[in-house]
Amino acid sequence: MTVLMDGKKLAQKYRLSLKKDAELIKQHGVVPTLAVLMIGEDPASQVYFKSKQKLAAEIGIATIDTVMPVDSSQQAVIRQIKQYNEAANIHGILVELPLPPQLDEKAVMEAIAPEKDVDGFHPYNIGRLFMDDAGPVPCTPAGIMALLAEYQLDPAGKRVVIIGRSTIVGRPLAAMLLNADATITITHSKTNELERITRNADILVVAAGQPEMITQKYIKPGAIVIDVGINRLGSGKIVGDVAQEDVKQRAGYLTPVPGGVGPMTSVMLMKQTLKLAKRSVEFERR
Ligand code: NDP
């Protein structure tokens, strides 16, 4: 029987404990605050934007939301980020992606002060993560680590295969799992004989953005399978990168889609905002 790793339930548990953390920080006279910057009004980004506002409000995190016009210049966006960097009351800064094409994503991310980089995408924080001295870390991989911990699945000594090498999922997750003493293989669209590699995995993480590409034949019996994919089919149905019903015949553990990794990402964002706010309390107390 495959154990389904319930991200929805774990996210709820986190929400309750984060509420308490926010309350404690407020008792020190600090209101944890997240600045969210959106450039343009892309409908998908707006949905994420609103759900983050709602979750933050529920936990007790204040949000400062700015929507800039879709044709904003690089200079104007960086000026706005610098204002956030300098504002003592702001603890975390988040820029909604994707950015309109006239903006250089790398330069925009690098403009965020590393100590307020709540998404952990700044090269300085990525570097720290790879040095096993993590500051803020990307939220989706952090959510995956939290799910493994909840189900007492220690990655130490395990063979992990990650499908996907993006800077938001595959690469930072590889660093986190390496820091947790796993042995890592990262695969991608140019990998030869993918199936031969994945069949050796004790933990298989799939973050390829390819609807239901992973079937039973890719899985070692009893493996832990983490399905990161969120794919909307023409019918409107959301499916993962794993053919869930098929893989259930063979996997030991599996994250469902929806309700697995997805709900964890936004709570990790809030957790990290509180961590950054807590640091400012500690700084003031010195
Ligand atoms: P990207 O498109 O940035 O990266 C996809 C990666 O998968 C690339 O490295 C690509 O290889 C690799 N890949 C694509 N096709 C194949 C294939 N057939 N075989 C092997 N590797 C392949 O995606 P993201 O990392 O941003 O997202 C991945 C998925 O996770 C998406 O479905 C996304 O919606 C979802 N997601 C879910 C989140 C959540 O909260 N649950 C958060 C973020 C993403 P190459 O580098 O060679 O092109």
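Note that the numbers count up from 1, one per residue, in the order the chain is shown.
Cβ atoms here come from the backbone N, Cα and C positions, even for glycine.
Annotation source TrEMBL lists domain 'Tetrahydrofolate dehydrogenase/cyclohydrolase catalytic' at 5-119.
The domain 'Tetrahydrofolate dehydrogenase/cyclohydrolase NAD(P)-binding' annotation in TrEMBL covers 138-280. For the domain 'Tetrahydrofolate dehydrogenase/cyclohydrolase NAD(P)-binding' (138-280), the model's pLDDT averages out at 97.
Among the features that TrEMBL reports, NADP(+) binding site is placed at Gly164, Arg165, Ser166, Ile230. Under DSSP, Arg165 (NADP(+) binding site) is assigned to coil, being neither helix nor strand in the three-state scheme. Under a cutoff of 8 A between CB atoms, and with a sequence separation of 6+ in the same chain, the neighbours of Arg165 (NADP(+) binding site) are Arg171, Ile186, Thr187, His188.
Take the CB of Gly164 (NADP(+) binding site) and look out to 10 A: across all protein chains shown you find 22 other CB atoms.
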